Amino acid sequence: MSSERKKNPKHFQLNPNWAQLQQVLFFPKILFFLSDFLLIVSLIHLQKLKSFAKPSRHSKNPQSETPNSILGKRKERPNSEPDDAKPNPLMPTNDDSSVTDVLAMDCEMVGVGQGNKSALGRVTVVNKWRNVIYDEFVRPVEHVVDFRTRISGIRPRDLRKAKDFRVVQKKVAELIKGRILVGHALHNDLKALLLMHPKKDLRDTSEYQPFLKEGRRKALRHLAAEVLGVEIQNGEHCPVDDARAAMLLYSKNRKEWERSVKDQLRLKEKQKKRKQRKKPKADINHSLIAS
């Protein structure tokens, strides 16, 4: 029996109907998966086309802006600039650091002696363009007992390598000699420097008549806020900002200020001449009485 089965190969062949049935069942599955794949690909492609052709909400002309356009981003955020981006009016108008005919100075003090006596701790000088031409911490002659950091901004480390008072005094004297000196309450700064300056060359923002309120002096921070629209001295004072603020106050009123100075000088000259004319008459009367 076994030999007969080996001789008959048709006994082990698959039924043709069964093979056809397998093909019928398997082929639709392939078509189903293939159709799903094509559908997904077409949907992805369509979504890309829609996103590319979609106009910007912030632009009427979609072709005028590209996704990577910097200008386009700025148009979408016209009011996004912070207030801090506004230019500071105290900043220099150029990079010229030469010694000009007009200089502004501000000083910060420290406490010596019992602490109630002031000594120079820092001095800053700017030119008429508000560029810093001299800015030095100063080592006072006397021992510092109060750095007054809350106002002066000076700390012990600032004076460790500070310049000697006499060196700074000499340099400042050379800078301001023969020049107009601008500042706020300059008599305090000059007193700390142990220097004198001709009154005709002083432009003190604390004494300028238009800046006075009912004859009383205003603080520099108030003048800066009212006239310049800038805030200074919020906490520790910065002599650079203070000197720049004084210079800007002067620059904005220079013509009127200089005119008033000339008028005052003329008036003093007239008064001086009148006194000189009266003196000879008084001498003649005195000689007549004596005789």
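Positions of Cβ are set from backbone N, Cα and C atoms, glycine also.
These features come from TrEMBL:
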type     : residues : note
COMPBIAS : 77-86    : compositional bias 'Basic and acidic residues'
COMPBIAS : 269-280  : compositional bias 'Basic residues'
DOMAIN   : 101-259  : domain 'Exonuclease'
REGION   : 54-97    : region 'Disordered'
REGION   : 261-291  : region 'Disordered'
TRANSMEM : 26-46    : transmembrane segment
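Residues belonging to the domain 'Exonuclease' (101-259) score a mean pLDDT of 96 in the model. Here the compositional bias 'Basic residues' (269-280) has, by DSSP, the following mix of helix, strand and coil residues: 12 helix, 0 strand, 0 coil.
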